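Here is the structure we will look at.
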Amino acid sequence: MKKDNFFVKLKNNIYNMSTFQKYVKDGFLSAILYALILSLILGGIKGFYVGVQTRNQISESVQEIRDPSNEFNIKNGELSIKRNPTNIDVGNTIIYVDSNVDLKHSEELRNIYIHGDAYILVLKDGLRIGSGEMSKDFTYKNLMMDNLNNEELANQLNTMGVIIVPVMTLVNMVQHLVDMLLNCLMATAIAIIIGTFMGLRMKVSAIYSLAIYASTLPSLILLPLSIVRPYIMFDVPFVIGTTIYMIFILKYIKNEIINNIKM
């Protein structure tokens with residue numbers, strides 16, 4: 001029997017419960033290949049969109065940096081800027097510049113940046129880059145940013161803008177695949193327990209393959225949300241959605257077994 005191609009599987013995995021048993025029988029490697037292709041498509045879509053948005057934000061930042069009123073320079077590891085302080089809201093990212101505050105006292109600025117999905121604090125002696133409760137500090141000396149000025153920074157950002165779209169696309173492809181495989185492991189563990197109560201015994205590899213195929217619908221539903229809010233993790237909704245769909249599939253499989261016995 002001819003095997004269904006990826007796009008036929010994609011369509012059937014959204015709504016057709018009768019095909020899941022057939023796809024699981026195709027083998028574990030076939031399920032992994034399906035996950036890879038799905039991740040290349042969905043992760044690529046998200047990565048391309050986020051990359052374009054980031055490139056546009058970089059272009060806006062370059063215009064701001066080249067504004068004469070924003071003239072600055074970094075010498076001996078310390079920032080000197082003409083307009084101080086400065087608060088720039090670029091998309092979901094807050095950029096706050098203040099050469100009067102050093103990294104040791106950056107927590108005093110918490111009320112300014114806490115409302116953004118991501119933030120960059122440009123301070124007297126370094127940068128703080130973060131998202132939510134996670135952050136990382138970098139001093140200008142460690143970053144080798146001595147003798148940096150407006151024009152040099154603008155040129156560096158323009159170079160970054162050229163490569164940001166393919167880089168973000170590739171990163172999101174890989175991230176989608178890794179997240180999908182790990183989250184499907186969690187859904188598999190839950191489904192094994194539920195399947196035991198339902199009187200179904202299946203190989204772990206078969207349940208895992210089933211989880212990969214069942215994750216198609218949650219992946220498609222969560223794609224627009226992950227694009228709108230790229231810095232928010234949707235692992236929990238993914239696992240819950242996949243597990244619920246697997247319960248319906250397992251129930252369908254059990255009914256099929258019962259009906260075949262009666263016949």
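For all residues, glycine too, the Cβ spot is worked out from N, Cα and C.
Taken from TrEMBL, the feature transmembrane segment applies to 27-49, 153-174, 180-200, 207-225, 231-253.
Long-range contacts of the transmembrane segment (27-49) within its own chain (CB-CB distance under 8 A, at least 6 residues past either end) are made by residues 3, 6, 9-10, 165, 168-177, 180-181, 184, 205-206, 208-209, 212-213, 216, 219-220, 223, 226-227, 230. Residues of the same chain lying 6 or more positions beyond the ends of the transmembrane segment (153-174) and with a Cβ under 8 Å from any Cβ of it are 39-40, 43-44, 46-48, 50-52, 54-55, 58-59, 61-62, 65-66.
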